[in-house]
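Sequence annotations record features per position, and here TrEMBL assigns domain 'Semialdehyde dehydrogenase NAD-binding' to B:15-126. TrEMBL lists B:T22, B:G23, B:A24, B:V25, B:R50, B:S51, B:S165, B:G166, B:Q324 with the feature NADP(+) binding site. According to TrEMBL, the feature phosphate binding site maps to B:R106. Residues or ranges marked as active site, acyl-thioester intermediate by TrEMBL: B:C135. What TrEMBL lists as substrate binding site is B:Q162, B:R242. Taken from TrEMBL, the feature active site, proton acceptor applies to B:H249.
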Protein chains: 2
Amino acid sequence: MLQSERPKAAQRAANVAIVGATGAVGVELIGCLERRGFPTASLRLLASERSAGRRIGGHVVEAVSMDAFAGVDVAFFSAGAGVSRAYAPLAAAQGALVVDNSSAFRMDPNVALVVPEVNAADLPAGPGIVANPNCVTAVSVMALGPLRALGGIVRVIGATYQSASGAGAAAMDELTASTAAQLAGEAFAPKVLPHPYAFNLFSHNAAVDPETGYNGEEEKVMAEHRKILGLPDLRISFTCVRVPVLRAHSMALSVEFDRPVSPSAAREILAEAPGVRLVDDRAANHFPMPVEASGEDDVLVGRIRQDLSDPEGKTLALFLSGDQLLRGAALNAVLIAERLWR
Amino acid sequence: MLQSERPKAAQRAANVAIVGATGAVGVELIGCLERRGFPTASLRLLASERSAGRRIGGHVVEAVSMDAFAGVDVAFFSAGAGVSRAYAPLAAAQGALVVDNSSAFRMDPNVALVVPEVNAADLPAGPGIVANPNCVTAVSVMALGPLRALGGIVRVIGATYQSASGAGAAAMDELTASTAAQLAGEAFAPKVLPHPYAFNLFSHNAAVDPETGYNGEEEKVMAEHRKILGLPDLRISFTCVRVPVLRAHSMALSVEFDRPVSPSAAREILAEAPGVRLVDDRAANHFPMPVEASGEDDVLVGRIRQDLSDPEGKTLALFLSGDQLLRGAALNAVLIAERLWR
C-alpha cells in the first residue's frame, strides 16, 4: 500500500534482461513487464545461440554469454536449471537482482523461494538470486498461504491436472498437432512428451525416484510447499498428472488443519486474499476451470467444502485453477522483481 | 475356475434383453455378450420410441414397453434411472434376472450392488434386480477390494479424471466436435455438457448438494464404496472431475489402512488380482493411461507408493485407469449376469 503511494518519479528505471526470452514463459515475462508498467530503462532479450538474431517486439534476441549481464539491474532467468546454474550467479555477482524461474536454486538454504503474497518477508534486502517456485506450488500456496489464518496446516494431499504449457511451447504445439492428427485419423509420433497426448493423460514425465516412487515434479512441489509456507514438518503428498489442457494447471487439494475449520470461514478468507478469485457457485455448478483461468492473474479457487473423510472436521477440500505461465511463472517473477526493485 | 470347467452344454441359453441398446453402454453390452460367449438364445434390443426401428447387428430395435419383458431371462438396463425405475421391477416380477446399470436401485438395502471380483457373495440366489455400480466405483474397487488383504481400509481420498463416455455417446461427440472447432478457430456452443470441453476440464456436472458441497457423482461414489466393500463406516472423500479424454476414467487414490502397509506387498497382491493389470514401471515412467485402458477389460493400476503424508506408513498412493464403458459399465454387468445365469 505505502509503496504504491510513493511518487513514481522517485523510482529509477531498471536495465532488465530476460534469459530464455523466446520460450513460453519468456514471452509472458515481456508481456507482464509491459502490462504492469515495470520501470524499464532497457530490455535485453537473451536466449540460446540458436535463437540469436530473432526479433521480438522491436528487440533483437542475443545469445546469452558471460558478458551479457554488464549494467543489468534485474535479470529474469527462464531457460532451465542448467543455464541458471551457469549464468545466474554471474549476473548476481555483477550486482543484478536475479529472479530465477528454474529449479536450480529453489531449495538452496541461502536463496529465498518466494510467492510475494505469501512470504514476501523472506525476500533479501540486496542484490542476489531469488527463486520463483514450480508452477504447481505457485498456484497452490496462493490458497494455502491465506488459509493459515484458520489454523496450522498439518497435512496436504494433492492431485494435479497439469497443462501442456508446463512442458513449454513445444509441448503446447504437440498437444494441438497430435489432437488434430487424431481427429483426422492420422498417426502421430510424440516428439516432446514421452506418451500420446491427444485425448489422453499421463503421470508427470519427470524421472521417478526408484525408492519412493514419487517423480521429480512431485518432490519439488512437496519440498517447495514446506519452504514457502515455513512449515518444515508439513506432511504432504502430491500426484502430478499431465492432462490435455493448454495453459492452466488445476488441482484437487485435501488440507488438514490442527483444529476444526469451517468452509464458510475459509471462503471469507479467500474472498479477501490478494491474487485469489472465488469461483464457487454450487447452484450454477460453476467452479474453477482452465479455460477461465487462462490469461488471468488470479488463481481461481472453489469446491470449498468440509472433507467428509475427516470426522473431526479439521480437513477442507478445494479445487484450484491457475494460469501456469502467469501465476505459475512470469507474473510471480515480475511480482518478486517489483518488491526487490525499489 | 470350477465353473469354466463345467461343460457348456449343461447351460441353457438365455433370452436376453438390453434396455438402452442404442447408447454408448448398450453397444458395449452387445459386444461383451458376444465376445464372452454368453449363452444367448435370443437378443431383444430395447430403447426409446425415438430409436425404435433402427437396426443394430441384424436386430431391430424395439420401443421399451410394459410387454417387452415376456419370456426374457436376463435383462440389462442402461437407459437412465427413470427408465429403470419404471421397467426393471416389472421385468423382475416376470422372472427376469435384471442387471441395472443406473443409479436407481444401487443404494436400496434390498438390492445387491456388485463387482463380481470383489463381492460376488452379495449376489442373490434367484431372480430380481442386481445393481451395477457407478463407473468410478467399479474401477476403484477393483484395486481396493484385493488390497483389503493388507489390512482394514479406514480412509480413501480420491480425485478423478473422468472421460466423456461417462456422459454418454453425445458427450463423446461433443468432445471431438468442440475440439475440432477450436483447432479450426471456430466458435462452438456446448449442448450436452454445461461447460466448454475442448482442452478444458471441469468439476463433474452432477448437481451439487448446497449443504455439503459434494456433487451427486461424488455422493454416489462414496456411498457405493461403503456398500460394495462392506465398510459402512469407511471415511471417504472424492473430487470428481471431467477431463477431455474419450472413454477411460482415471483416478488418484490415497488409501489408509488400519496398520502399516508396504507398497511391495500391495504390488504382489494386485499382480495376482483378477481383472487388474499392473502398469507400474518407474524406470520407464510408464503408468496407467486412458489410451492404454481404452478397450481393455482389465483395470490398470500403478504409481503404487507409500503416501509420504502419513508418517505412520499406513497409507498407500495409487493411480488407476479403467475403461468406463467396459469395466465401468458393460463388462461388469455381463460378469454379474454370468454369475447369476447358471
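Cβ coordinates are placed from backbone N, Cα and C, and glycine is handled just like the others.
Since the structure is predicted, the reported quantities are computational estimates derived from the model, not experimental observations.
DSSP assigns B:R106 (phosphate binding site) to coil in the three-state reduction, placing it in neither a helix nor a strand. Taking the Cβ of B:Q324 (NADP(+) binding site) as reference, residues of its chain lying under 8 Å away and at least six apart in sequence are, in sequence order, B:C135, B:V139, B:Q162, B:S163, B:S165, B:G166, B:R247, B:A248, B:H249. When the binding-site residues B:T22, B:A24, B:R50, B:R106 are ranked by how far their Cα is from the Cα of B:R242 (substrate binding site), B:A24 comes first. Put simply, of the binding-site residues B:T22, B:A24, B:R50, the one whose Cα is nearest the Cα of the residue listed as 'phosphate binding site' is B:A24. Of all the recorded positions given, namely B:R50, B:R106, B:R242, B:H249, the one with the smallest number of surrounding CB atoms inside 10 A is B:R50. Of all residue pairs in B:T22, B:G23, B:A24, B:V25, B:R50, B:S51, B:S165, B:G166, B:Q324, the annotated binders of NADP(+), the farthest apart have Cα atoms separated by 25 Å. Taking H, G and I as helix, E and B as strand and the rest as coil, DSSP gives the domain 'Semialdehyde dehydrogenase NAD-binding' (B:15-126) the counts 35 helix, 29 strand, 48 coil.
All protein chains included, B:A24 (NADP(+) binding site) registers 22 other Cβ atoms within 10 Å of its own Cβ. Secondary structure from DSSP puts B:Q162 (substrate binding site) in a beta strand. Remark: B:T22 (NADP(+) binding site) has B:L45, B:A47, B:S51, B:R54, B:I56, B:V61 as non-local neighbours, by Cβ distance under 8 Å and separation of at least 6 in sequence. Note on the domain 'Semialdehyde dehydrogenase NAD-binding' (B:15-126): mean pLDDT across this stretch is 96.
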